[in-house]
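S.K.: So that we are looking at the same thing, I have put the structure below in structure tokens.
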């Protein structure tokens, strides 16, 4: 007797044991997963965006390198589709199992109790730890000298032009931000409407969610422009709206998948009842055993998502509030948590936030703002004159912009996210990998911004494969293109000019990734890291100066 072979989303498991990574290298996947390089920030997980499918495939697991995104991976084998029909029911359940030539289709990562790299004991005992101390001492002395010169000139920090821009419309920007956050609860209301059987996720729920997300993004962009907020306020609101949008999307499509699974469970239960009551006689295409097997799978699939809060009891305001506070963009019902808040650690990170923010203000005022003003003066000049002056502008921007780049990384991905994680007792602190050791651009894409990487890998890369049945290379291209378009949108909000420079430069990473995997670059880690750092030194300043001048 034949049996229905069933895929499984699987439990997005929570591990409550701390793991100190021995090797914080980029995420690697088993087998030939070379094409699994998603955009400039590409995360990981199961694709849930398949509103038309009853059950979405996922994976079981094989541990990968410690310290990265802690991925587990197993190839999925089996028939592409099995359909069960009984009596007058047209199609009870269609279980589609998609894979590409036997390669792994989905990935599942586990949230674990793990510290950020700079917090690990192994980092403090590293032979290179002194360079970390030297960097901060050098930056501190450099800024102290700048402040002394500023004091002797008779000006204060409050007189800085950057500070004036920061303070302008501060209260209005904060109110807009609050309204933006509250609007995010629309996705909870939508889930409640599905629970009340007013709408179905498969038919219209996912369409409504996507339509709202589009409106949400462009409405608040328009509002910031309409209110004439300064560019810092506009870009802050855009970046925060993107964070909230990703959170909403993950929440809605995760629960949408579970609604589809629950709906299938009810269909199977109804069919079993008909068979048991003798109300159907034609069982040629489905047996009670097959239905029982499918019934067991669907029940286990729902139960596996949480051991404490079974679906749909997780659809509460408090659950979404907690999730919205957690420093993650990927929703699941349970997360690993710490037992208590270490307030001294919170104080340390808060002090780091204010200290680094002050350094960024001084750096921007003294070394970036004057060059930006000089670059803007070149705009009305003929192209030939601009081209002659441009190399000097680029050279002057390179070092201060690189330092700003590093400070932005530290204040967001180490100081702010770790402070939020401690306050919310969120114990997975892997917000970044050792991106400074990158030898390829896809490695940098995975390690620079792990939360966004996980979101894009789950909801864009794998969803492109499962929903549109595209190849891994096509999914990689889609993910890079989406990431590049979002970054270009940020540039448009800052400079109010649509030029496409950043989009072009980011898409150029794809041929660079191919080059890094060529025979010529094989076993040339130092050269790869030199090329990477040359890109970091010149890329941001090149991009900024092009938007300013041309």
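Note that Cβ sites are derived from N, Cα and C of the backbone, with glycine treated the same way.
Note: TrEMBL annotation is automatic and uncurated.
Residues or ranges marked as compositional bias 'Polar residues' in TrEMBL: 17-30, 38-48. The annotation region 'Disordered' is assigned in TrEMBL to 16-51. The transmembrane segment annotation in TrEMBL covers 129-148, 169-194, 206-223, 235-254, 350-369, 390-413, 474-495, 526-549.
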S.K.: With a cut-off of 8 Å between Cβ atoms, can you find at least three pairs linking the transmembrane segment (235-254) to the transmembrane segment (390-413)? Only pairs 6 or more residues apart in sequence count.
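M.R.: Judged by the Cβ rule, the two regions do not touch, with the required three close pairs absent.
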S.K.: Take the transmembrane segment (526-549) and find every residue of the same chain, 6 or more past its ends, with a Cβ under 8 Å from one of its Cβ atoms.
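M.R.: Distal contacts: 372, 375-376, 378-379, 386, 390, 393-394, 397-398, 401-402, 405, 437-441, 444, 491, 494-495, 497, 499, 501-502, 505, 512, 516.
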S.K.: Which residues of the chain, 6 or more past the ends of the transmembrane segment (390-413), have a CB below 8 A from one of its CBs?
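M.R.: Same-chain residues near the transmembrane segment (390-413) but 6 or more away: 116, 139, 352-353, 356-357, 359-360, 363-364, 367-368, 371, 374-375, 378, 431-432, 448-449, 536-538, 540-542, 544-545, 548-549.
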S.K.: For the transmembrane segment (169-194), give me same-chain residues lying six or more residues beyond its boundaries with a C-beta closer than 8 angstroms to one of its C-beta atoms, as numbers and ranges.
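M.R.: Residues 200-201, 205, 208-209, 212, 216, 220, 223-224, 227-230, 233, 236-237, 240-241, 244, 247-248, 251-252, 255-256, 259, 312, 315, 317, 320, 324.
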